[in-house]
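**Q** Dropping a structure here in structure tokens format, bear with me for questions.
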């Protein structure tokens, strides 16, 4: 399969960089590589990912089909018999595929009629939803919260299944397995092990946008047509037999969490994901009587509805909301029923957490073996993996959890027998020990945060006699947290008559998550405390995500990371994929689709008052520098039309700057810098405390620009406006980045991260002692700088969002003039970067925007 000759079936005329992207992507997948792709926003990255990967997939399926036909049994038979056998096999496969496509085509026509007539199956839907309400109202019996008898102390065996299916009844599990791989379904659909693409991104809105792009593309079928002579037309050159041509729309399913996909109103209203998960599992437990189970869950009675759900999902490309509506129409839980679709899909879209967390993959019966993984918006992938496997618990939560356990133990004292009584007492003892340690930390005034030795948490009386491995299994198998929370919730609602939703995480679930991390520590995990007023937060933090991602990488055929700003890429090579053999990892950085004349990028090391801009932590409080900053921004705003967005390194520094700008410049009654800025452009700024939400702030900003006044928006790197917000065209003619948002290197957490990187680098390095230490120190410094520069690059990427866009990007700090920092900027920025004095920079801005304005006027004429 030669990617250089491919058209990739792009719905438009692709840019050269898109063609390069698609070819490199195709090659990476074909050669089973790990690829990192950087392509700026506005360059059509999503369509490049779709066209490159699905072109490869259809080619691969076509090759498998042809190989399967050629490798027919009976090679010792006469050639005419072999030819007949191959032709017959082609006919059977083609007819099977045609039956599928015809059925899905009928569904598409039905859906079109449904939309036109606006007909919905409201009575059926209401009946199903009302059934769900009635069944849920029967869950308040005290007996539902009693612990099952527990005696699974054998460490070698356990009844616990790591998958969430462990709580389902045997009939439900059997049905799910049947629906995902029955002979009848496999006769018509792709087999379970057919290669597919798993595409994930940060949010469901991004996945919905991806689905919209997916609808634009049409690919040739995976089964090639035959010529009139009965030969397979692999080149597309012969006269085709019309009966052998197939239409094969892309098969897609979008997956989500229970919180996203649940259609049971009384479960959905719980609000919190953990509470929804636990209530859902409660209603599917094998111990629940049939009449009390969730009516939307798969069962023998609604098997036909599940098949109907599957066909409707596969008939067209749907986003997660569409799939929820299909579930409501068919009366089937989309979360569970989607499993019957995964095996028959070509591309599966899902949010980060469902792909990156093994327990989530197990819950959905997702196997990554020999499939293709594409992770979009992957610039923060290492942080995302670390956050998924990190957990916090506060002293307040521990106290509440201990109180709830005490109430529960008293209520069920007579019924708690044997191992249940022993283990509940052990959990209470462990919580008490951890709480006691945190109380001592709170009482000590000298430190606000620091590292925690795990042994300090286990210093309570009798803790050394607890077998943490057994207790960990007990917490998972007994469902203690669920039982206790259910009882507490039931008691509270009965007394206070307050059945409204609660969006907070149930305390004992949070406590249990922390305890499980504590009992099963990763070699890459560390414990920290952080004081917050009269409370203390205890944090289990994963320092290195490599091991948690490695299993997925080694299972998959190929792994693709893509993003608009993946630079600097050295962290992926040196840390996330450090175990890969040379040549197994490939990196690609593509330029922008805009001409270089549409970008003015300048480092600004001095202001118009000739103050050096040095926004390091030690020097950024200089009043003179902050005043010069304001005056310089004012001059830049005069030269820049429409919207200007300025990013500060932190909320604290932004607030400090604004306070100084509010003060009069002298005693002569001159206006403040803030007033002066307001005369040039209306001024808005992001604040943690401000009541105005992000949408309202952006709308106000856009309104000023639409009115022709322009606007200056002060925001924060790493804040709400620095990621996922498009400041295209007039919204972002100027982007100013002020300083470098380095994390607090003195914090215990960052000290631990850097020490970990240095130690791993030292262990991997060769050479003498001094050389190894030098490499380790350099690696730690790089890791620290790269974390900062990823945030900077995200801010820079907010502007210039399409081919005809243009903007000026100015980076205020002397460090932006150094080769080391510039090397960590995206390539398309580096190519346009010019250093000049501030006077020349401002003069260039006037010229730059005057030229752009004259071009726009000419176009309008």
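Yeah, the Cβs are placed from backbone N, Cα and C, and that goes for glycine too.
Checked Swiss-Prot, it gives:
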DOMAIN    4-428  domain 'Helicase ATP-binding'
BINDING   39, 40, 41, 42, 43, 44, 45, 46  ATP binding site
REGION    220-250  region 'Disordered'
COMPBIAS  236-250  compositional bias 'Basic and acidic residues'
BINDING   262, 280, 294, 333  [4Fe-4S] cluster binding site
MOTIF     376-379  motif 'DEAH box'
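Distances, neighbours, how buried they are, the whole picture for these features please.
**A** The Cβ neighbour count for residue 41 (ATP binding site), using a 10 Å radius over every protein chain in view, is 19.
For residue 280 ([4Fe-4S] cluster binding site), the Cβ neighbour count at a 10 Å cut-off comes to 23, with all displayed protein chains included.
Per-residue pLDDT, averaged along the motif 'DEAH box' (376-379), amounts to 94 for this model.
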**Q** Neighbours of the ATP site 39, 40, 41, 42, 43, 44, 45, 46: Cβ within 8 Å of the Cβ centroid, same chain, sequence order.
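**A** In sequence order, the nearby non-listed residues are 48, 564, 593.
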**Q** Could you give the Cα-Cα distance between residue 262 ([4Fe-4S] cluster binding site) and residue 44 (ATP binding site), in whole Å?
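**A** Here the two Cα atoms are 33 Å apart.
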**Q** What other residues of the same chain, not counting 262, 280, 294, 333, have a CB atom within 8 A of the CB centroid of the [4Fe-4S] cluster site?
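**A** After dropping the recorded site residues, what remains is 258, 263, 264, 267, 283, 284, 296, 297, 335, 336.
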**Q** Have a look around residue 42 (ATP binding site) and count the other CB atoms within 10 A of its CB, chains all included.
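**A** Residue 42 (ATP binding site) is surrounded by 20 other Cβ atoms within 10 Å.
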**Q** For residue 41 (ATP binding site), find which of the binding-site residues 280, 294, 333 come within 10 Å, Cα to Cα.
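**A** Those close enough: none at all.
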**Q** Determine, to the nearest whole angstrom, how far the Cα atom of residue 43 (ATP binding site) is from the Cα atom of residue 280 ([4Fe-4S] cluster binding site).
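**A** Residue 43 (ATP binding site) and residue 280 ([4Fe-4S] cluster binding site) have their Cα atoms 42 Å apart.
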**Q** Non-local Cβ contacts of residue 45 (ATP binding site) (under 8 Å, 6 or more apart, same chain)?
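**A** The answer is 21, 37, 39, 376, 562, 564.
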